[in-house]
Every structure is written in structure tokens, then in C-alpha cells.
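*Asks:* Supplied in C-alpha cells, the structure appears directly below.
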Amino acid sequence: MQRPPHEDFSLKETKPHLGGGRATGDKLTSTYDLVEQMQYLYVRVVKAKDLPAKDLTGSCDPYVEVKLGNYKGTTRHFEKKSNPEWLQIFAFSKDRIQASVLEATVKDKDMLKDDFMGRVLFDLNEVPKRVPPDSPLAAQWYRLEDRNGNKLKGELMLAVWWGTQADEVFPEAWHSDAATVSGADSLSSIRSKVYLSPKLWYLRVNVIEAQDLIPTDKTRFPDVFVKAILGNQALRTRSSMSKSINPMWNEDLMFVAAEPFEEPLILSVEDRVAPNKDEVLGRCAIPLQYVDRRLDHKPLHTKWYTIEKHVIITEGDKKKEVKFSSRIHMRICLEGGYHVLDESTHYSSDLRPTAKQLWKSSIGVLEVGILNAQGLSPMKTKDGRATTDAYCVAKYGQKWIRTRTIIDSPAPKWNEQYTWEVFDPCTVITVGVFDNCHLHGGDKAGGARDSRIGKVRIRLSTLETDRVYTHSYPLLVLHPSGVKKMGEIHLAVRFTCSSLLNMMNMYSQPLLPKMHYVNPLTVSQLDSLRHQATQIVSMRLSRAEPPLRKEVVEYMLDVGSHMWSMRRSKANFFRIMAVFGGLIAVGKWFDQICNWKNPITTVLIHILFLILVLYPELILPTIFLYLFLIGVWYYRWRPRHPPHMDTRLSCADNAHPDELDEEFDTFPTSRPADIVRMRYDRLRSIAGRIQTVVGDLATQGERLQSLLSWRDPRATALFVIFCLVAAVVLYVTPFQVVALLTGFYVLRHPRFRYKLPSVPLNFFRRLPARTDCML
């Protein structure tokens with residue numbers, strides 16, 4: 001397979017005309033200052049009056065056709081109405097205008113041929129311009145004319161003006177580039193929209209005990225367990241160790257619930273009467289609206305719930321329903337102190353707890369201008385030719401945005417700008433590009449799926465504040481045949497900080513909410529709950545109008561990213577080797593010192609060694625001073641661009657076809673032999689865990705490297721300043737005092753220890769790693 005040159009996968013800095021001017025570091029005053037201005041001719045068709053009758057009933061079926069060159073838009077028609085009211089808006093892109101006259105024609109709907117009722121003409125040179133925040137242009141009455149310019153009976157109310165995408169009517173307008181799309185559903189699916197993720201809660205069900213159970217078979221001790229069902233989530237406790245009618249468990253079951261709470265929690269107490277047969281001893285339904293909510297780890301009061309069992313008893317020829325009631329002792333609460341993880345932990349865009357009472361104030365604003373794309377690969381065939389109907393989806397926090405779909409263009413121009421509040425700089429925004437496969441009746445069979453074109457991830461902590469980043473990002477997708485560039489997307493990004501002090505303070509705070517450390521969840525629990533959370537989010541967003549489809553949401557949330565991959569495992573191994581490469585280089589350098597490869601350097605090291613031995617109090621100040629100088633020295637080579645997916649780091653540019661075949665294989669494997677399938681699945685499962693551990697180790701090492709690399713400019717600045725202060729403080733403080741204080745602090749009594757991580761550990765966990773560059 002012929003691979004494209006490596007530089008095709010690189011990030012390219014651009015200089016677009018944003019907000020009508022050049023991109024600079026200064027914040028512009030325009031609302032749409034991160035996108036290029038796009039001129040549109042807007043036509044608002046309001047209503048008509050006194051239209052002439054065209055049939056024997058004395059009425060007409062009017063509609064308006066707005067035509068500009070080859071582009072034509074029509075309003076809906078009204079039956080038998082002489083004074084219709086449409087209130088529809090049409091937008092024609094100035095880049096595609098091929099005429100100098102706008103024509104608005106009123107026609108009468110007819111079975112055979114629509115009748116001409118009159119028209120209004122506008123010279124484009126006479127159309128006024130409107131710039132928000134100016135008030136909307138007032139519509140006016142225009143007398144209808146025939147084709148010869150003679151006045152006719154009837155008037156049409158219109159407003160025509162030149163504007164940009166900043167106009168408030170832009171999102172709901174009919175656009176000329178969508179002239180080939182028909183149907184209200186198709187038109188709604190190509191417009192830009194903002195979606196909100198449902199508010200997710202962890203539901204904790206602490207099953208304590210049950211009383212007065214009535215098993216059918218009273219000759220044996222019941223083998224009782226509790227099954228809990230919430231939506232499509234089902235969990236069960238272990239079987240009770242006390243074989244009696246009053247069993248005890250004291251076991252926690254964790255679920256993910258989403259507001260609004262539509263489904264109750266269904267609890268059933270069951271008896272295992274046979275290996276594959278369970279008998280229900282009682283069942284109850286608990287609406288989540290009435291469940292207690294807690295914000296910390298303090299236990300709530302327990303409650304007794306009634307579980308009922310309905311039995312039909314036959315007495316002679318009569319049937320009678322008998323209801324037995326037992327009780328179950330539980331503690332049920334909605335956990336507001338956790339953050340419900342629905343994204344990959346490496347690419348989280350939100351780390352706030354569920355309960356709003358625990359939220360802290362925002363530290364800044366993230367603005368993203370989605371400008372355009374270039375060279376998109378054709379994704380489908382329409383009318384015998386390859387085409388692409390592209391749109392973008394961006395996800396940060398609970399807010400999802402979807403741009404409008406640009407029809408039939410390999411180089412779409414969106415020029416849409418969106419804003420998010422930022423509560424933590426150590427978060428990632430994800431922008432994906434997709435092909436809309438639900439136009440032109442493409443989803444009549446119900447099996448159409450929007451094709452993925454590629455995505456971009458940007459970590460906010462790697463951005464300098466108040467700087468406008470304008471780059472063209474390659475859209476890379478891994479196929480069974482290898483990595484492929486599907487095009488490029490052009491973005492403008494700006495991170496504005498509202499309080500530098502608050503943002504610097506965030507580096508000392510725990511990454512996750514307090515409850516994750518005080519009452520932590522297990523790794524297996526988090527994996528299961530994350531899977532349930534992604535399913536709930538994708539289901540809820542697919543029910544919006546227009547829907548944000550399941551395949552789009554799962555691709556944006558990196559569902560399935562933890563599956564075994566030989567390519568990804570090799571990439572993580574090479575990342576570890578690159579981290580250890582620095583230590584190996586130091587070892588080689590020290591070996592050269594010992595072997596007098598460079599006599600002058602060796603003599604200097606001897607002198608330094610003698611000074612540090614004679615004056616041990618200089619050891620730590622010297623180390624921190626050297627780190628400070630190295631950090632300042634590396635400032636010259638600090639990264640100027642945001643990190644992006646690296647095909648070489650991901651081992652995607654030279655992956656073996658057999659490795660890719662294994663990576664794209666189904667799970668469980670589709671191999672025919674049962675034994676091979678069993679061993680293969682086991683190997684992939686174990687290797688997937690090893691892969692995750694190796695990746696985490698590499699992340700820790702890369703965070704150490706990022707201390708002085710200026711990848712996160714604020715974190716490096718904090719560390720460099722700390723090194724300078726530490727060097728000065730340690731210089732004036734006797735070494736023995738420092739050693740004693742350090743030893744006593746490390747060996748301090750548990751009473752003086754905190755359950756939350758220390759400030760240095762919090763700072764370290766917030767440092768960026770090269771996980772953002774992994775494909």
C-alpha cells in the first residue's frame with residue numbers, strides 16, 4: 001500500500017480573515033470574531049392580502065416562490081385563502097449569486113400547472129445592509145406586478161436585506177445551498193443545533209436485609225438474592241449467607257440515572273430453586289423522584305420497603321387473588337458528590353460533580369470558530385457521482401453543538417462560532433466531522449448511519465490565554481487498510497481566562513470531586529457505569545429533534561477505545577521507552593564522564609562533586625536552580641501549536657495488515673474454531689488490561705517531562721517559579737533543618753494525614769501527557 005508522505009498528517013498554521021480582519025492576539029469586538037464573515041441575502045416573506053380569486057369558488061391556494069438566478073425557494077401553500085401568512089425566511093449565499101435581480105412570485109397551487117398571480121422584483125444594488133445589534137428590518141407592502149410591469153390586484157409583505165451569519169434569523173432560514181433537499185424532516189436535519197447532555201446521577205442501592213419472606217417450598221432453606229433493574233441496567237446481589245426467611249446482604253449496587261427520571265427502580269427478591277430457575281418472592285417499584293439525594297459521604301437514614309407477591313388460588317370453581325407482603329431494608333440515594341464519567345478519562349471535557357450546589361465559579365470562556373474543511377473524501381454515491389454532505393459536531397461539558405450540513409461539497413464552509421464556559425483548564429474539547437446520510441430519503445430503510453470523517457481533540461491547558469489559534473487539522477481515520485487522511489478541518493480557538501488566580505489555584509485542587517477519593521468506586525464499577533452512561537447519553541440525544549445519532553455520540557465519546565489492539569499496545573510500549581530514553585541518555589553521559597571522554601567536563605564534575613560534599617546544604621538549592629535554568633532555557637523551544645494526533649506515535653503509519661485485521665476484528669472474535677476463539681478472546685482481554693496499565697505508566701512519565709516543556713504554559717510557569725523560590729529558601733535554611741522537617745513530615749501520624757491527595761500530587765495529575773496525540 002502506497003502511503004502518503006508524513007507531512008500530510010501535520011498541523012498547519014493559517015491566517016484567515018477573522019471577523020473581517022486578520023487574526024491577532026487581541027480580542028476583537030465583533031460577536032463573530034473567530035470566523036470569516038459570510039454575506040447572505042435574506043428575504044422574509046411575511047404575508048399577502050387581497051389576492052385575486054382563480055377558481056369558481058372565489059378563492060385561491062397561494063404560495064410564494066423566491067428566485068435568484070438558478071436558486072429557487074418556495075413557501076408552504078394555503079388552501080382557499082386570499083390573505084395567507086407565511087412568516088418564512090430565505091437566505092442566499094453571496095458567493096453563489098449569479099443574478100442581479102431578486103424575484104418573489106405569488107402562485108396559485110394547481111394539480112396540472114401552478115397559475116401566476118403576480119410578482120415583486122428587487123435590484124440587488126438597492127438592497128440595504130443590516131449589521132446586528134441593529135433591530136430587524138421592518139417588512140413592507142409591495143404591489144404585485146405582471147410580467148410586463150403592470151400593477152395587479154393584491155399585495156405582498158416582504159423584507160429584503162444583506163446580512164451575515166451573525167443575523168439572528170440565520171439558523172432557521174432556508175439556505176440556497178440546501179435547494180436540493182426536500183421535506184421538512186430533511187431540512188431540519190441540516191440546520192445547526194445545540195444539544196445538552198442529560199444530567200446524570202449515580203444511584204446507590206444499599207441492600208441490607210429482608211424480613212418475613214414466604215417461599216413456596218417450605219421444606220428447604222431458601223437461597224435468596226435481590227435483583228435490581230433500572231431501565232436496561234440489571235444488577236443482583238450475592239446469595240444471602242443466612243439461609244432463612246430473614247436474609248441479610250449489606251451490599252451496594254450502583255446504577256446510572258438521568259434526569260428527568262422516567263423509569264422507576266424495580267426490585268425483586270428471588271429464590272434460586274434450581275440451577276436455572278428462580279422464584280420471585282416479592283417485587284416493588286420505587287420512583288426515583290422521591291429518592292433522597294446526598295452531597296457527601298455521610299450516611300442517610302435507612303428505610304423499610306414493602307415487597308408484594310400476588311398469587312392466584314383456586315377454590316373449587318372460583319379463582320381468588322391473594323397478596324402477600326414482606327419487607328426489605330435498604331438505603332437508596334442519588335449521589336450528587338460524584339462526577340458521572342461518560343467519556344474516556346484521558347479526554348474528559350467536564351469534571352464537575354452532579355450537584356450544582358458543589359460547582360465552583362467558572363474560570364474562563366472557550367470560543368471555537370468552525371471555519372471550513374478542505375479535501376474531504378467522498379463518502380457516498382448520489383446520481384452516479386461521489387459526494388459528501390458534511391457537518392461538524394463539537395462536545396465540551398454538557399453542551400454539544402452541531403453545525404449545519406453543507407450539501408454536496410468536498411470543501412464546505414461553515415463559519416459558525418460557539419462558546420463554552422470553562423470550569424477546569426485540564427479538559428479536552430472534541431470536534432468531529434461526519435457525513436449526513438439521512439438526506440434524500442437515505443434513511444427510508446432505517447439502516448443508514450452517518451459516516452465518520454475524522455475528529456480533533458484540543459486540551460485547553462496547552463493553550464495560551466487570550467491567544468487566537470488558527471490551524472488546519474488533518475482528519476485521520478484508521479481503516480483495516482491503514483491510516484487514511486480524510487481531509488482537513490480549519491478551526492479558530494481562543495481560551496479566555498476570567499481570573500488568573502482562580503485558574504492557577506485549580507492546579508492544586510483534586511482532579512475529580514471529593515467523593516471519588518473519600519468513598520472511591522472500583523475500576524470495574526467505573527468501567528460498567530461509564531458504559532451505561534454512554535448508552536443513556538446516546539439514547540437521549542438520539543431522541544432529540546433533529547436527532548444526534550447514536551453512532552455520532554459513541555464516536556465522540558470514544559466508546560470501545562479500551563479494546564485490545566496490538567498497534568496501540570506497541571505505541572504505549574514505545575512511549576515508555578521514549579520516557580526512559582532520557583534516563584538512558586543521562587546514564588551514557590555519566591559513563592562518558594567516568595571514562596574521561598571529555599577531560600574538561602570530567603574535571604568540572606569533580607570540582608562540583610567536591611563542593612557538594614564539603615557543603616551538603618548546596619545540593620538541593622543547586623538541583624532546583626538547575627531545574628529553573630533548564631525550564632527557562634527550554635522556553636525558547638516551547639510548543640507553538642496545540643498537540644494533535646500523531647500517526648508515528650500511534651504506530652498507525654507502519655502497522656502490519658495482520659495487526660489491523662486483528663484490531664478491526666469483532667469481539668468476540670469471528671474466527672470459526674471454538675478453541676481458538678476462546679483463547680483469542682482471553683488473550684485480548686488480558687492484553688487490554690496490560691495495555692491500559694502500560695499507557696498509564698507512560699502518562700506518568702510524560703507528565704514529568706511536561707514540567708519543563710511549556711506544553712502547559714501555566715503549569716510550567718508555576719513549577720519554574722516554585723523551583724526559584726525553593727532554591728532561595730533552601731539556600732538560606734540549614735540542610736539539617738530541611739532534612740528533619742522532611743523526615744518528620746513523611747513519618748507523620750495518620751491523625752495528621754488527609755484523605756484527599758496532596759497539593760503536589762494534584763498538580764502532577766493535572767499535567768498534560770501525550771495521550772492527546774494518540775490516534
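Placement of Cβ uses the backbone N, Cα and C atoms for every residue, glycine included.
All annotation found in TrEMBL is predicted automatically rather than curated by experts.
The region 'Disordered' annotation in TrEMBL covers 1-25. Per TrEMBL, the feature compositional bias 'Basic and acidic residues' maps to 1-16. Per TrEMBL, the feature domain 'C2' maps to 22-142, 181-305, 347-473. Annotation comment: TrEMBL describes 573-590, 602-635, 717-747 as transmembrane segment.
I'd like to know what surrounds each of these features in this structure.
*Replies:* DSSP labels the residues of the domain 'C2' (22-142) in these numbers: 6 helix, 53 strand, 62 coil.
Sequence-distant neighbours of the transmembrane segment (573-590) (same chain, 6+ residues past either end, Cβ-Cβ under 8 Å): 649, 651, 694-695, 697-698, 701-702, 704-705, 770.
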*Asks:* By Cβ distance under 8 Å, which residues at least 6 away from the ends of the transmembrane segment (602-635) in the same chain are close to it?
*Replies:* 593-594, 596, 707-710, 716, 719-720, 723-724, 726-728, 730-731, 734-735, 738
*Asks:* Which value does the mean pLDDT take for the domain 'C2' (181-305) in this predicted structure?
*Replies:* 87
*Asks:* Please work out the helix, strand and coil residue numbers for the domain 'C2' (181-305) from the DSSP assignment.
*Replies:* 8 helix, 64 strand, 53 coil
